[in-house]
Every structure is written in C-alpha cells, then in structure tokens.
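A.B. asks: Per Swiss-Prot, the features are:
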REGION    83-243  region '12 X approximate tandem repeats of [AV][DE]X[VL]SGSX[DE]QX[KR]X[ST]'
REGION    88-246  region 'Disordered'
REPEAT    83-96  repeat '1'
REPEAT    97-110  repeat '2'
REPEAT    111-124  repeat '3'
REPEAT    125-138  repeat '4'
REPEAT    139-152  repeat '5'
REPEAT    153-166  repeat '6'
REPEAT    167-180  repeat '7'
REPEAT    181-187  repeat '8'
REPEAT    188-201  repeat '9'
REPEAT    202-215  repeat '10'
REPEAT    216-229  repeat '11'
REPEAT    230-243  repeat '12'
SIGNAL    1-20  signal peptide
C-alpha cells in the first residue's frame with residue numbers, strides 16, 4: 001500500500017505541474033508589468049523555456065523571459081568593479097566633452113580673429129574710397145578752374161579784337177583825311193609851306209597810329225598765345241577725369 005501511495009502522490013504532482021490551467025510559475029510572476037525585469041533577454045516561446053520563477057512575456061514584439069527578481073550578473077563580471085567602470089566611463093566622457101569645448105573655443109577665437117581682419121580690410125577700403133573721392137573732387141575743381149581761365153582769356157581776346165578793330169577804323173579815317181588833305185593841297189606861294197607842314201603832321205599822326213595798330217596786333221597775338229596755353233591746360237585737366245584709381 002505504501003508503494004502505491006507514493007506512486008499516486010508523484011503522479012498527482014506531475015499532473016498538477018504540467019496542467020495548462022494551474023502552474024507554480026503563475027504564483028511567482030508579479031501581475032504588475034513594470035516590476036518585471038528582463039533577464040539576459042532570453043527569447044522564449046512558453047513559460048517552460050524559462051527557468052523557475054520566470055514568465056515568458058512579449059516585450060517590444062519579442063517574447064523574453066521576465067520575472068519579479070533582479071537579473072543574474074553576467075558570467076565573468078566583477079560586481080565590485082561596476083562602479084569603477086562607470087566612473088571611468090564618466091571620466092572619459094567628461095574629458096571628451098572638455099576637449100570638444102576647447103576645440104569650440106579655438107574655433108570661436110579663430111572666427112573672431114577672422115571677423116576682426118575683415119573689419120580692418122573694410123576700414124582700409126573705406127579710407128581708400130574716401131581718398132579717391134577727394135582726388136576726384138580735386139580734379140573736378142582743377143577742371144572748373146581751367147574752364148574759368150579759358151573763359152577769362154576768351155573775354156580778354158575779344159576785348160583786344162575790339163580795340164584792334166577800333167584802331168583799324170581810326171587808321172582808315174586818318175588815311176581818308178590824308179587823301180583829302182593831299183587833294184586839297186595845291187602848290188601855292190603863300191600856302192605851300194603850310195600845306196607841307198600839315199602833310200608832315202598828318203604823316204606823323206598816321207605813323208603813330210600805325211605803331212599803335214602794330215602794338216595792338218602784337219597784344220592780340222600775345223592773348224592768342226595765352227588762350228592756346230589755357231586750352232592746353234584745360235585739355236590736360238579734362239584728361240585727368242579719365243584716370244581710374246585702383
């Protein structure tokens with residue numbers, strides 16, 4: 001009888017263990033999903049693929065073994081050195097961040113230096129532009145002065161031309177008077193000497209007017225030379241307008 005009881009108890013235990021309705025695993029798996037810990041990410045298809053106290057659950061579209069206990073440490077993993085490894089990793093990340101920050105500082109300084117260089121170049125270009133503007137103003141001023149000198153010379157030349165014409169008219173009038181005197185002059189005993197004196201006087205006056213006429217022509221030629229010189233200077237100033245300052 002004792003042997004049959006033992007066999008019956010073992011059969012009952014196996015039947016209960018393999019029953020799909022009741023399982024000892026259901027007693028140890030927590031009902032709150034957030035408390036379940038992924039153990040080694042072992043894939044499974046049923047609870048039997050996992051160890052005791054574990055359940056097969058779908059996480060991120062993958063069936064893995066989970067349970068209410070902390071995961072076992074990996075083989076050959078020194079738990080005491082986990083803190084040191086984390087500290088070393090943090091230290092390396094900190095050094096990398098500091099190196100990256102230093103690199104950014106250097107790039108920032110280089111950019112500031114480049115910006116300062118551009119500012120200096122811009123200031124130099126502005127100064128050159130101002131110098132070109134001053135030179136252009138000076139050339140325009142010289143051109144205006146040349147125009148004024150040319151107009152003054154032309155006015156003086158016109159005045160000399162008027163004086164020359166006036167002298168020529170006066171000379172023609174004296175020539176007419178000379179001819180009239182010569183026509184009226186007749187050899188007479190009492191009037192012959194007087195006529196000769198008047199004739200000499202008229203010739204002297206005519207000669208004086210001829211000298212004044214020659215002087216006026218010389219003065220006109222001098223003003224013509226001055227006008228030509230002013231025209232040449234004005235043309236030189238006009239050529240300066242075409243000068244382009246690099």
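Glycine too: its Cβ is placed from the backbone N, Cα and C atoms.
Describe the structural context of these features.
C.D. replies: The DSSP breakdown of the repeat '4' (125-138) into helical (H, G, I), extended (E, B) and coil residues amounts to 14 helix, 0 strand, 0 coil.
In the predicted structure, the repeat '5' (139-152) carries a mean pLDDT of 86.
In the repeat '6' (153-166), the DSSP tally of helix, strand and coil residues is 14 helix, 0 strand, 0 coil.
Across the repeat '7' (167-180), DSSP classifies residues as 14 helix, 0 strand, 0 coil.
For the repeat '10' (202-215), the DSSP counts in helix, strand and coil order read 14 helix, 0 strand, 0 coil.
Residues 150, 153-154, 156-157, 160-161, 163-164, 167 of the same chain, all 6+ positions outside the repeat '11' (216-229), place their C-beta atoms under 8 angstroms from a C-beta of that stretch.
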A.B. asks: Per DSSP, how many helix, strand and coil residues does the repeat '2' (97-110) have?
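C.D. replies: Across the repeat '2' (97-110), DSSP assigns the residues as follows: 14 helix, 0 strand, 0 coil.
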A.B. asks: With DSSP as the yardstick, break the repeat '3' (111-124) down into helix, strand and coil residue counts.
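C.D. replies: Summed over the repeat '3' (111-124), the classes give 14 helix, 0 strand, 0 coil.
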